[in-house]
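Features as listed in TrEMBL:
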- 122-239: domain 'Calponin-homology (CH)' (DOMAIN)
- 267-370: domain 'Calponin-homology (CH)' (DOMAIN)
- 392-498: domain 'Calponin-homology (CH)' (DOMAIN)
- 513-621: domain 'Calponin-homology (CH)' (DOMAIN)
- 628-654: region 'Disordered' (REGION)
- 698-763: region 'Disordered' (REGION)
- 704-722: compositional bias 'Low complexity' (COMPBIAS)
- 739-749: compositional bias 'Low complexity' (COMPBIAS)
- 754-763: compositional bias 'Basic and acidic residues' (COMPBIAS)
């Protein structure tokens, strides 16, 4: 593997926006522009940027010059490489807005968390404040602080405690966070505040937000551009949640041919919204095609036609007759208000082409009245096309995992988005830096099918180099969208990533390889050392379904994180779900970035159980107070931190009788026993949200199964990777390109950032 360390940029966020391939290519072009004095000026940029393939035909030099003039007052000013990169990103954003580029249609999920000049849009802030005031006005805790004044900075001040953001996530995707795990009181200490923000960021990742450039300290400080960017993502996820066939099967009416349904399923939510809008505009007799939520809707005509066909009872001829765009926009909004649409936008926002606010406005119209038929035949066909629950859960996990890696591409539909091979190459480049030959890769959009096959063939070659089991698998299998193969391959890739991360922890075990048995034994020792009697026989132990073992484990690694007053006995299905939901939120609150669902704990999904346990173990090992891994006896540090252990729930006690000794912890705050800050070792050493764990190994008959895409003995393969011993008798049924058996459950998590090593790619 190459020893090349890549192009380094001092701004970590800026570095994360480019692959090493792009950085090296742009660096070489930047250097080539230097004049005799070795300098590059702002005025030199238009000629270069206009020639780049990314912008060729979209902007001419004069348009680029005008855009740069908004950020730089003097074209003769010297500009460094980082300034050049920022200008490139700004131009790229404007190009995406202008074209409605499908490959960047979800750019708000990748870029809006940081703005180029750290400025914020007042109209967007006002719109999001109105949304928060509307949806959270009845919240038992937040109603005392609402409504928020959009003209002040009250939004950012209120976000500093983390409660607002956690509640907003639950509005967007109900049930993501257990309210009992949120620290809620008027004045939080630093430890409690940090817990809330850690819970918020890990949960935001779990619903599809991109938070690679946000830390808990950013939220504690209430940095406006970051807070607003995160809120923007959360709200958009809420507004676009129903734009898929699973939630709205009536969308099948948008396609004329049944063969196009799969294509519809693969579209990003914004693209589905545009398709829906154009479907109705065509019926209304509108001659143009709307391709974006900015320039194409500035004049308000498209909105007038859309609302006239959806709500003819409120139609007004004056809307189309008026020549003034601002007046027309005002009439459009009056029409929408009669349909009970929430007002996310002002006439000025429409005329100026605010992409985010126009998107929110159209989404609101869709929610209020989508105008689609209820043809039972078409709907039943659409329901047949959607995946079964297990496959959907797996697709969700892998999609979230890939998006958490910080790659350039954002995955909306796993099975469709990986078919051209580019996304898989980006994942491989993150998991094994330097493994991808970018000179032999073709970047989307790809019109020639054989180019997609070439990309996927390279994916298979690299997979074999990493000792993944890919017998009888060809690149065309990915291009054809073989769902079982895709899931099995990604699980192997994720597992490889897990092993690489675990190898970095070997120093904790005196160089000994970490196995599933080590993780299992560590968890049991940890629980036993806290004075508990629970025991996990294996990662498929059915007794784990009540959740009590994991609550005791979490309490053992951080005694104050679990409020035992909220824990049930886990005897009924309802009690099990309450415990499982609480476990996930408490683990995220602690610092574990996990994507499992409560059902995975209740059903004892073996791989997910392993991942949850290993994530807690990884977090624990990062703490300054190191626990003894060689002895089951509690160390003095463990005893001091876990003094006065909470009584076990499984000893026939009612939840109401279970509590934490006042001598052991400070007062409880709605779902979390709040520690005194002075007694919390390593407060500043909380694991960063992006340093996620994906450990998974195999060592015994209780180990997590090793998924494969062939019938090979994977024990020898993994042995070559990490010298681990594997009992192949418990391996999953081998999955080949022609397999019929469903793939195993997936586990997900985000790896720590890695330094990329890549080869240059032609621009």
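Just so it is clear, glycine is given a Cβ too, placed from its N, Cα and C backbone atoms.
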### Query
Can you tell me how the residues of the domain 'Calponin-homology (CH)' (122-239) break down into helix, strand and coil by DSSP?
75 helix, 0 strand, 43 coil
### Query
How many helix, strand and coil residues does the domain 'Calponin-homology (CH)' (267-370) contain under DSSP?
70 helix, 0 strand, 34 coil
### Task
Could you put numbers on the helix, strand and coil content of the domain 'Calponin-homology (CH)' (392-498), residue by residue per DSSP?
68 helix, 0 strand, 39 coil
### Query
What is the pLDDT of the domain 'Calponin-homology (CH)' (122-239) when averaged and given as a whole number?
90
